[in-house]
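S.K.: These came from Swiss-Prot, pasted as-is:
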type: ACT_SITE; residues: HIS96; note: active site, proton acceptor
type: BINDING; residues: HIS258; note: heme b binding site
type: COMPBIAS; residues: 1-10; note: compositional bias 'Basic and acidic residues'
type: REGION; residues: 1-26; note: region 'Disordered'
type: SITE; residues: ARG92; note: site 'Transition state stabilizer'
Amino acid sequence: MDAKTDDKAGKCPVAHGPAPRGNRDWWPEQLNLSMLHQRSPSADPLGKDFHYAEQFKTLDLKALKQDLTALMTESQDWWPADFGHYGGLFIRMAWHSAGTYRTTDGRGGAGAGQQRFAPLNSWPDNANLDKARRLLWPIKQKYGQKISWADLYVLAGNVALESMGFQTFGFAGGRADTWEPEELFWGPEGTWLGDERYSGERQLADPLGAVQMGLIYVNPEGPNGNPDPLGSAKDIRETFARMAMNDEETVALIAGGHTFGKTHGAGDPSLLGPEPEGGDVEDQGLGWKSKYGTGFGADAITGGPEVIWSQEPTKWSNHFFDNLFKFEWELTKSPAGAQQWVAKNAEPSVPDPFDPSKKRLPTMLTSDLALRFDPIYEKISRRFYENPDEFADAFARAWFKLTHRDMGPVARYLGPEVPKETLLWQDPIPPVDHELINDADVEALKAKILGSGLSVADLVSTAWNSASTFRGSDKRGGANGARIRLAPQKDWEVNQPEQLATVLQKLEAIGKEFGKKVSLADLIVLGGVAAIEKAAKDAGVAVKVPFSPGRMDASQEQTDAPSFAPLEPRADGFRNYINSKKHQFMKPEEALVDRAQLLTLTAPEMTVLVGGLRVLGANAGDSKHGVFTTKPGTLSNDFFVNLLTMATSWQPSGTEGIYEGRDRKSGEVKWTATRVDLIFGSHSQLRALAEVYAQADSKEKFVNDFVAAWTKVMNADRFDLIAEPVLLEAAE
């Protein structure tokens, strides 16, 4: 609800000072692999034997909520509660924890508790949320590892709402904490509140959702501080859509959130001290120390506006809409100099946060007035105004979606307050309703699949396309559900719709003819298993690829097609694919690393998968780029051997992004390649990995490592399985 909109706008968010120059300083264009090694076990103080879900199951949630409810009205002298209630502060904390989520790549959100780390803990829009986290510390300290910070942020927001008379939709635990900042692209700007992310007619760059560096959503004063409600509505619609909210959900969230609390702009924002990451050691991670008055309470400065929306800011009500429509609004400025709106011809009716004897005039933000003056938002707002119960239900559902959107399927939800109702945005999959196939069935089905006339490339590419939609960021996608046969995935260019239809038709026929029920989702993955075992055997290595049945097939009615559109790859370096119809905002090799990170792969896993998929002939469109073998369909290490040989000289071809590998002696073209292929020979770290697999004694290691990485991708969305290392079993 609060936001900094004009103070310190030119300050660089990167700390400066004498420091040794690293590789990125010398070679800024060097491909960065560090995102593949985030969440390292070595950074986790709890160790590999700690399982958060098991700890959460021992939590006394009722007692925890009672403690949180008591905290809401236990005002502290070092940061007094507005209106004697911390509800508005904790709603904002939870909202801003979840509100970084973006649909384009599924990153951000509340799932990892990243708000306590840089840069989020120091974003202008998160000013003074450090105080909310410190207020929570005694409770976190009391309950220890039974509740993660990530879960506690969301739960505190829920309890805040409930303590002020609102009935929430539910709460699910299960967000395990991370222990270091995630390396994530938040924008190209080098200053807080910069907006270089726009081009043309205010076209917001992908994958970003917020309008300016350091904001969660939009500038509350209007686009770039311009108090234009209609312009603000355009920004709101764009940025809320990018975090998976439609118009109705957007109105419900803004109006519902702004039913409570206030913004803080009591004085000159230039009197604020540095953000937490910019403070001195004695500040102990508390930022934004203010020299204005007492620095807190009635003198608090969080951002520019000083707005109170409701006559009862610690109680669920319809006052927001009542004020929005009852009054005409006049542009004014806050004590901090920010643009905001005050009710015309009104009597003071909203309470002062610290002096019960005082009343103020109702006030609104430019982004609030967008809900009245945008014709689409106005229609929804008026309906909610006239139907308070409908508004309450819409806000409850939208709040639940906001705070749970990046948790993935309901199978990951924990606790007694998980809603019984299944929601479409949760990507529901039917429960297993049949006896699963056994080992003998698996072998029989593999034989039938290999005898169906489908090639190794057909089976591998179909299984890969089905499973590789998985995003570890928001736990969406994956092979479970077999949504590759449904709209929109069945029509994606990368999936080669005609070939896909043929493969699926044959697999479905095999399933129908088999004596036991088996899902198409399982058959798709099993087809890949059978193909890889055959390809490895043809390379002289006997291996049994792990397979775990238990996937089910989702229906089209269980699939929100528009919400799956962002999962369509702009590029898939694993299959040497670039979608020419989509804007590419990364180099091909950067897109490969980005996709590998979403698949939760390490650099070695990414390397071995690319090398294996190339020789298996799994390229999109049957492209020959990077197929450095004379035996396609055989799981050999030829890709690495032929890439690293000095017998080949590489040079650009006449086609952009395509390279020719010529025999150094004859000049004959032997291979063609993309940037994704050649990066494994040009990048020193990737070359070191490629060398491992090109060595003469790595024949079996290559196959085993490929199978392990492949199985990891196939099972990425199997939250019903216990996460254990993939153990390879030699075939008989």
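Positions of Cβ are set from backbone N, Cα and C atoms, glycine also.
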S.K.: Please give me the CB contact count at 10 A for ARG92 (site 'Transition state stabilizer'), counting all chains in the structure.
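M.R.: Other Cβ atoms found within 10 Å: 26.
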S.K.: Just to be sure I understand the packing, how many Cβ atoms besides its own are within 10 Å of the Cβ of the residue listed as 'heme b binding site'?
M.R.: 27
S.K.: Within its own chain, what residues at least 6 apart in sequence put their Cβ under 8 Å from the Cβ of HIS96 (active site, proton acceptor), listed in sequence order?
M.R.: GLN115, ASP125, ASN126, LEU129, ILE216
S.K.: What's the CA to CA span in angstrom from ARG92 (site 'Transition state stabilizer') over to the residue listed as 'heme b binding site'?
M.R.: 10
S.K.: So, in DSSP terms, is the residue listed as 'heme b binding site' helix, strand, or coil?
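M.R.: The residue listed as 'heme b binding site' sits in coil per DSSP, no helix or strand.
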